[in-house]
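What Swiss-Prot annotates here:
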BINDING   CYS6, CYS9, HIS27, CYS29  Zn(2+) binding site
MOD_RES   GLU56  5-glutamyl glutamate
MOD_RES   GLU56  5-glutamyl N2-ornithine
MOD_RES   GLU56  5-glutamyl N2-lysine
MOD_RES   GLU56  5-glutamyl 2-aminoadipic acid
ZN_FING   1-34  zinc finger
Amino acid sequence: MVNLKCPICGGEITVEDDALPGELVEHECGAQLEVVKQNGKLSLRLAEQIGEDWGE
């Protein structure tokens, strides 16, 4: 298990060691976060909110 910090509220989040980049986790503050790997280390960033595309 790896302890990471929420980029929104600074709270601690425990993520599995085998978490993959792109995996989504939700923090108790309500933020939807994406696991990213930079320089061999896991970190979190705010997940992009993709809306529905109706072809307009």
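We number each residue from 1, going along the chain as drawn.
Using N, Cα and C of the backbone, Cβ positions are placed for all residues, glycine too.
Within the chain carrying the zinc finger (1-34), a Cβ under 8 angstroms from the stretch's Cβ atoms is held by residues 42-49, all 6 or more beyond its ends. In the shown protein chains, 12 other C-beta atoms lie within 10 A of the C-beta of CYS29 (Zn(2+) binding site). Those same-chain residues not listed among CYS6, CYS9, HIS27, CYS29 yet with C-beta within 8 angstroms of the centroid of the Zn(2+) site C-beta atoms are ILE8, GLY10, GLY11, ILE13, GLU28, GLY30, ALA31, LEU33. Counted within 10 Å of its Cβ, the other Cβ atoms near HIS27 (Zn(2+) binding site) come to 18, all protein chains included. The secondary structure of CYS6 (Zn(2+) binding site), as reduced to three states from DSSP, is coil rather than helix or strand.
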